[in-house]
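Right, one structure below, let's go through it.
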């Protein structure tokens, strides 16, 4: 029979060092609130339920933590009286009697399921407390994990440690797993006889041992345990996240010429043999198929780029952009909610919004779809193998048929049938010698002005 597990995520801190009007766990990493990153790692740990301990921005934090797939209940911590007190805010959930309890924090967005699974295995092996630790070259103020014969004896805070204990480089991350059947009894024994009058979760190690239980520590990569308390650490974590994800994509077959200049979102999908040139930014909900080419300085969000399609340089794809095989969106072009058909080309200086472009069509430089009338958006439909001349304005709603031509500089306000040629501009007139008259008059005016000074 599988063991049941409750995950308790502590996210009630005041976030004072973040200097922000919102809780720090709502700040994004790779376009997603950091609490959602934590929840994703927890969801991969085969848990039964999750209890979210909230304080500031309680409703917003609860909403951000609801990533789907797991049941999340929010519990309000009215006072900030330490980590032990925070865990007991979820007393109702703990009392349901799970086999395992995992305690995690909402501000460790680089967390993966691997150390959480290791902690659960430690409980399955008969331990009552399993602390997740990490080795570091700079232990500084971290609590030290004191281990003897494979058993965790205590967690010693740096300010209370001896010189020998300060030499220990295995440190407490704050994350731990607790025997769920004993959890309430152990948690209720935590006292607050300390300088701050708070209830510390770390006391569980010695409490469990005093009752004949056993505590151990398991190791995790230091990077996964990186917490966020201020904007500098937020930027540092963003960098670490980006480095990790870029590396994963390159190992999967994606080419990045200058990976350090490419920025990904939490859900960016890029297929094998895609080429990403320098200085490309991906927002959420982007899928790049195998073989696509994204040229330098492009910004892509909410878009799909099929294989053999090319984007950029200096292109922007906004939500709803969908490029078919062999299509091209070139330099200084923007596509929003636009479907670009197979082999179609939007090469230069164009805006395509709320539009469909048929296979093989060519959109000339400077063409725009005029999709907004000041109140509502309207659609433009261009058929297959059509040619839109440069500097044309297509005023939606409008349809242009297959194999149609639109003359350069046209303003198109009515539908154009298939195979038709449409002009939407004044006819050119040539007046011989008129330029000379205009120039001489202008020069005379200029000379008169000089003479008056």
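Placed from the backbone N, Cα and C atoms, the Cβ positions cover glycine too.
Bear in mind that the values here come from a model prediction, so they are computed numbers and not experimental data.
390 is the residue from 386, 390, 393 that Swiss-Prot records in the acetyl-CoA site together with 365, 371, 372, 408, 425. For the region 'Linker' (232-252), residue counts in helix, strand and coil come to 20 helix, 0 strand, 1 coil, using DSSP. Sequence-distant contacts of the region 'Linker' (232-252) (same chain, six or more residues past either end, CB-CB distance under 8 Å): 18, 24, 27, 29-30, 34, 37, 109-110, 223, 226, 259-260, 262-264, 268, 270, 272.
Looking only at the region 'Linker' (232-252), the predicted model's pLDDT averages out at 98. Long-range neighbours of residue 318 (UDP-N-acetyl-alpha-D-glucosamine binding site) (same chain, six or more residues apart, CB within less than 8 Å of its CB): 301, 302, 303, 334, 335, 336, 337. When the binding-site residues 106, 372, 390 are scored by other C-beta atoms within 10 Å, 106 scores highest. If you measure from the Cα atom of residue 408 (acetyl-CoA binding site) to that of residue 157 (UDP-N-acetyl-alpha-D-glucosamine binding site), you get 75 Å. Taking the Cα atom of each, residue 157 (UDP-N-acetyl-alpha-D-glucosamine binding site) and residue 229 (Mg(2+) binding site) are about 19 angstrom apart.
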